[in-house]
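Asks: This is the structure I have questions about; it appears just below.
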Amino acid sequence: MGEKATPAVYKRYICSFADCSASYNKNWKLQAHLCKHTGERPFPCTVEGCGKGFVTLFHLTRHSMTHTGEKPCKCDAPDCDLSFTTMTNLRKHYQRAHLSPSLIYECYFADCGQTFKKHNQLKLHQYIHTNQQPFKCNHEGCDKSFSSPSRLKRHEKVHAGYPCQKDSSCSFVGKTWTEYMKHLAASHSEPTICDVCNRKFKNKTHLKDHKRTHEVERVVYKCPRDGCDRTYTKKFGLQSHILSFHEDSRPFACGHPGCGKTFAMKQSLDRHANTHDPEKKKMKKPRPKKSLASRLSGYNPKKLSKTPKSASELGKLPPDGPPDTATAMQNLSIK
């Protein structure tokens, strides 16, 4: 009678950190995992000015290809010339694009049914259903966790801030993206001067709009009222002109003490208000947080409650204007 086969014993490498139950079948996987606890990056990139570090040699090698542009894994499918840095990415591409181009991953939770092109996207989505937040912040003293790597990365900026990258000698670090953008505008903004007439502007958008006035051939909007030959480079300008000049409609009044100016368009009033208080911060209305139920169902009461606005609400021409006014707004005349 033959001896019974001894069952195979699989060795596991267990994380030694408290409150962590992670275990792996290979030692290098455990070593890479431990770096999440210690914050170490034992494989730094040696390219000058890069400064990135990685937890495994494989990740460093893959990253190095971003500097060299090397993509050794080529797709051999007919009429496909794409290349990839790793075989894993090539296999994923081949599966999605050539074997199962219509393959979708559907969420199996009740009353959900959302579909995704990638399995990883489905997996991250399902954390919403299970209320899991497996991506933990490693910053000392911070115990927050998140349902996706992107949310964790966004949170980590709270600790790291936004260092100025415009000038190597600039030591500014913004606490928020808005603060960082304000710094760029104040300290590193490029000159916005018209190279034709030397006029200065607050930003590139205003300069771009102004430059249209110097174009030999440009799209203009001509006032359709009899005896008026005014033209404008924007619909907004023509709308404002007709309302204020021909219709004498200026419903938006400035509330600043001693001012009393009136305007045909709310945008004009907002722009004028800055002359009284240039440092006034534009306060954004906080976006209401969606409940878990609304996120899972996709229900958006705001969208459903929207009703078409009237022409006057949209800042368009008055409904009692001449019949040819609306037509003139649509027809462009080249001056």
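Our numbering is plain: 1 for the first residue shown, then up by one each step along the chain.
A Cβ is built for glycine as well, from the same backbone N, Cα and C atoms used for every other residue.
So Swiss-Prot lists the following for this protein:
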ZN_FING   13-37  zinc finger
ZN_FING   43-67  zinc finger
ZN_FING   73-98  zinc finger
ZN_FING   105-129  zinc finger
ZN_FING   135-159  zinc finger
ZN_FING   162-188  zinc finger
ZN_FING   192-214  zinc finger
ZN_FING   221-246  zinc finger
ZN_FING   252-276  zinc finger
COMPBIAS  269-280  compositional bias 'Basic and acidic residues'
REGION    269-335  region 'Disordered'
COMPBIAS  281-292  compositional bias 'Basic residues'
Asks: Which sequence positions outside the zinc finger (43-67), separated from its termini by at least 6 residues, show Cβ-Cβ distances below 8 Å to it?
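Replies: Residues 28, 31-32, 35-36, 85-86.
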Asks: Pull the DSSP breakdown for the zinc finger (192-214) and write it out as helix, strand, coil residue counts.
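Replies: The zinc finger (192-214) comes out at 11 helix, 2 strand, 10 coil.
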Asks: State the non-local partners of the zinc finger (192-214) in its own chain: residues 6+ outside its ends, Cβ under 8 Å from one of its Cβ atoms.
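Replies: Apart from its flanks, the zinc finger (192-214) reaches 185, 233-234.
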Asks: I'd like to know the mean pLDDT over the zinc finger (162-188).
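Replies: For the zinc finger (162-188), the model's average pLDDT rounds to 83.
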Asks: Could you put numbers on the helix, strand and coil content of the zinc finger (162-188), residue by residue per DSSP?
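Replies: Going by DSSP assignments, the zinc finger (162-188) contains 11 helix, 4 strand, 12 coil.
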